[in-house]
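Peer 1: The structure that follows is given in the form of structure tokens.
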Amino acid sequence: MNNNGGGPSKKGEQNGKQNGDEGEQANSNEDKKGKAKLTADKSEQTTRSLHELHVNYVYETDDQFSFKPTRSILTTPPDSLIKHTMDDSQFLDFDDLLPMIGEFGLFQKGLFVLMIPFCFIAAFVYLGQIFMTLAPNHYYCLVAELSLVEDEQLRKDLSIPREKDGSFSKCLMYDTNYTAIHLAKNRSQYINTSLPKIPCINGYVFDKKEMPFETATMEFGWLCDNDRYATYAQMIFFIGSILGGLFYGHFADHCGRIAALVSSCFLALVGSLFTSISTNFTGFAFTRFIVGASYDTCFTMIYILVLEYVGPKYRTFVGNMSLALFYSPFTMIMPWLALWTATWRTFSIAATLPILISMFSYFILPESARWLVSVGDIDNALKILKRVASYNNRPVPHNVLENFKTSCQQFYREELEGRHFNVCSIFKRSRMARYTILMILIWMTLSLVYDGHVRAASVLDKDNVFLVFCLACATELPGNLLLILTLDRFGRRWCAFVYTSLSGIFSLIGANLQRPMHMLVAALVGRFCANICYNIGLQWAAEILPTVVRAQGIALIHTMGFVAMLMSPPVIYLSHVSTSLMLNILGGLGILGGIMALFLPETLNHDLPQTLSDGDDFGREQRIWHMPCCGPGSKRVRRPRRLWHQGSSLRTISREEFRSRKMHRKARTRVHSVPSPMNHDSGNWDHFQRVGQSLESLPLDKEKVQKSYKYK
């Protein structure tokens, strides 16, 4: 009985124990589920909080920027912050459409040819005044009473004193009764070297064989004590360039590139015509002020326009070949055109014919499609791009054009609508402000060095001024050809450093040479290098500045270059004191400009930036020793870098992933290649978990965070 009774009792105990274990296990499972749910909720809450972290920074507008960024503990991928209404894979911008319609087809080649008249205008406006104000090397005081004396040597002995070196004075004459000498039969008896001396009062006598071209300096008597007037006239020309550059930069970004181009050419036409009828210094200076206001704009607008329509790999070829094939020959022709016209008035009128022809470009040249997009005129931009595709025989599917139109409309609506950009917008971005200030300083140096070398040709050998000037201008052609071969291999920065420094070195060498011919050769080599670095600067600024402020930014930079050019005539005037001093100044500035060039970003194989965000992100990953021809991916075209925010600094994402801090809404879906903390690499994830003290105490679920950020 005991055994029978004990069996069921033991079995019941076992069943009860089993039921109790099951209950405890169930309770344990419920606790684990609750903890897991709590962990998941915390992880989800953490992930959600991370998503919401510093959204206000990412949403900052292009025209407002804080120099004190909010400190963050996590790099927040842009696509998790901003929701867009368009599929990323369908977004198209100008740089995406350009390869489809042709990067350098028949249309772009036509634009290239249409640069010809504008290159002539640039050469005439810039160099014309140099020839108009040339001072001859040999002249002496005019004495009207002795004009009938056929023997020039006797005429000089009677009226002109000699200098210490035995040559006749250029600026002094004897104070005597020349009427009596004129009436005398034996005039040689009136030769007296002890007579008092006075400045020229009746003008000057010039050697027509030495100077067959009559200049304004010769007609108005800007010689000797009045020789400063030619320098003043040139400085007034550059003052006009300063004001005109500021005005046309704003005008071009608000009214269009073509309107600015044509109106500046019209201003050059009016100023040149009125120059030819000026009768004194005041009239001449005022008309040259008008012409100066058109300088730079009459060429840089067409230069910018063409660069905006060609692909990145053709920009160097187009930008420099236009200068080599068109601008350089016109600069070489200019001295012979002056000799052919014989007088500065005829020269001023004859040179207006190409300017008149260029006025018809208003009906031929297309407006910048990039600019039209930036002001919201998408329909006209699309019409122009269809015409480009038609000329290039590159038909584009209708759905692609519609995607482009939708993308541009969305881009304008979200990025640019209601915003007005000006030069001040550039300086609201710390990085772009630093680049702009550096570009201004470099361009001021390049402008002074280049303009100084151009004018130095007229003082280094005054006996052969037209020939020397032509030879100096001839250095433009090989310089541009050399630049085409090297600029796309070694990049803008290193080429600028090398050529600008070489210009300074050869100028310093020339300053320490004794023979005039050796000094002239060294100066010509310095001019050769100055041509190259000046052309680099012309292209470099157009590639760094974003589209929305490109014209205004370039106008500001070039305007500051004109401020530097104001000092060029006084520097050349120092040649009256010492030619070596003039070359030493140009040499020192050249070396300084070369060193500063190393601190600008490289633009080779990069698309042109569109927004202020693009410009601020540009070149962020580059180092000072970076050289495009070295390292992997040197041939790859890169698009503007776009950022996420981390801590008090900004990190870049490669071109293949995101197009902008703002345009990441339209980013590509190729996010799997982003080198981010969310990558599958456990080392990166472990490093990411250690970022920020607050993150260390939070239970993070790697898979959930990855899934939340859509990194696959």
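Quick reminder: no glycine exception, Cβ is built from N, Cα and C everywhere.
Pulled these features from TrEMBL for this protein:
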type	residues	note
COMPBIAS	29-46	compositional bias 'Basic and acidic residues'
COMPBIAS	661-671	compositional bias 'Basic residues'
DOMAIN	177-605	domain 'Major facilitator superfamily (MFS) profile'
REGION	1-46	region 'Disordered'
REGION	661-687	region 'Disordered'
TRANSMEM	110-132	transmembrane segment
TRANSMEM	229-251	transmembrane segment
TRANSMEM	258-277	transmembrane segment
TRANSMEM	289-310	transmembrane segment
TRANSMEM	317-338	transmembrane segment
TRANSMEM	344-365	transmembrane segment
TRANSMEM	435-453	transmembrane segment
TRANSMEM	465-487	transmembrane segment
TRANSMEM	494-513	transmembrane segment
TRANSMEM	519-542	transmembrane segment
TRANSMEM	554-575	transmembrane segment
TRANSMEM	581-600	transmembrane segment
Peer 1: State the non-local partners of the transmembrane segment (110-132) in its own chain: residues 6+ outside its ends, Cβ under 8 Å from one of its Cβ atoms.
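Peer 2: Residues 213, 215-217, 233-234, 237, 261, 265, 268, 272, 275, 288, 291-292, 294-295, 298-299, 302-303, 305-306, 309, 318, 321-323, 326-327, 330-331, 333-335, 338, 344, 347-348, 351, 354-355, 357-358, 361, 364-365, 391, 454-455, 458 contact the transmembrane segment (110-132) from elsewhere in the chain.
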Peer 1: Between the stretches 229-251, 258-277, 344-365, 494-513, 519-542, which wins on the count of C-beta pairs under 8 angstroms to the transmembrane segment (554-575)?
Peer 2: 229-251
Peer 1: With Cβ-Cβ distances below 8 Å as the criterion, list the same-chain residues six or more beyond the ends of the transmembrane segment (258-277) that contact it, or say none.
Peer 2: 118, 121, 124-125, 128, 132, 244, 248, 251-252, 283-284, 287-295, 297-298, 301-302, 305, 345-346, 348-349, 351-352, 355-356, 358-359, 361-362, 365-367, 551
Peer 1: Report, as numbers and ranges, every residue of the chain located at least six residues beyond the transmembrane segment (344-365) whose Cβ falls under 8 Å of a Cβ in that stretch; write 'none' if there are none.
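Peer 2: The answer is 111, 114, 117-118, 120-121, 124, 128, 131-132, 213-216, 219, 258, 261-262, 265-266, 268-269, 272-273, 275-277, 298, 302, 305, 337-338.
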Peer 1: Would you kindly list the residues that approach the transmembrane segment (229-251) from elsewhere in its chain, counting only those six or more residues past its ends and only Cβ-Cβ distances under 8 Å?
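Peer 2: Contacts with the transmembrane segment (229-251): 129-130, 133, 135, 216-217, 220, 222, 259-260, 263-264, 267, 281, 284-285, 288-297, 301, 422-423, 551-556, 558-559, 562-563, 565-566, 568-570, 573.
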Peer 1: Would you say the transmembrane segment (435-453) and the transmembrane segment (494-513) are touching, if the rule is that at least three C-beta pairs must lie under 8 angstroms and be 6 or more residues apart?
Peer 2: yes
Peer 1: Let me know the model's mean pLDDT on the domain 'Major facilitator superfamily (MFS) profile' (177-605).
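Peer 2: A mean pLDDT of 86 is what the model gives the domain 'Major facilitator superfamily (MFS) profile' (177-605).
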Peer 1: Top stretch among 289-310, 317-338, 465-487, 519-542 for CB pairs under 8 A with the transmembrane segment (435-453)?
Peer 2: 519-542
